[in-house]
Amino acid sequence: MKTYQSEFLAFCLERGVLRFGEFTLKSGRISPYFFNAGLFNTGSDLARLGRFYAQAISESGAAFDMLFGPAYKGIPLAAATAIALAEHHGRDLPWCFNRKEAKDHGEGGSLVGAPLTGRVLIVDDVITAGTAIRESVDIIRAAGAEPVGVAIALNRQERGKGEHSAIQEVEAEYGLKVINIASLGDLIEFMREQGGLDEHLKAVEAYRAQYGV
């Protein structure tokens, strides 16, 4: 695990974005941890989060021309990442997002920001079922651009209904590179290093043994 990944997980705990306990997921599974990126809800939180995304993206070596933020959660994430890439990594890239509802006045259309062209990196919080990513891929392709990857905050590294995770399915189905700031494996390593989280650590390890990929 890299330093920035450990710092990111500490930041998530500090802000209550990452919590331990018993949480029922949409899948019906009882998860020993919960991640809610919507709780990064101040200007400084969002700026710092953008820097973590930018770091992970830069270290991945992914080749892309612009960013796309899926409505709604992906919009501030793509904006914060675009700012961080420009300010800290010397990459001033265009970015774009979609509206959930097409506008019928003014400029109209369902896309806002830079025109979707070239190689596009999608920015979102997590991939659960992969539905939002599939919608984004359709939007990008319909505009004549090429989706090349997805950057997410946390990779839960767990199986979907079959043997593969939603992330593995997205990678295989669309040939997309998935970049994460941190993964479940990083979280477990972080918990071991931190100490004081032993009770939760056992539950997270048991969950990974049952549902992990």
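Every residue gets a Cβ built from N, Cα and C, even glycine.
Cross-referencing T3, T117, T128 against the orotate binding annotation in Swiss-Prot, which names F34, F35, R156, picks out T128. The subset of binding-site residues (K26, K73, K100, D125, I127, T131) lying with their Cα within 10 Å of the Cα of R156 (orotate binding site) consists of I127, given in sequence order. The Cβ of T131 (5-phospho-alpha-D-ribose 1-diphosphate binding site) has 10 other Cβ atoms within 10 Å, all protein chains considered. Within 8 Å of the Cβ centroid of the orotate site, not counting the listed residues F34, F35, T128, R156, the chain contributes L25, S31, Y33, V126, L154.
For the binding-site residues K26, K73, R156, the largest tally of other C-beta atoms within 10 A is found at R156. The Cα of T128 (orotate binding site) lies closest to that of K26, out of the binding-site residues K26, K73, K100.
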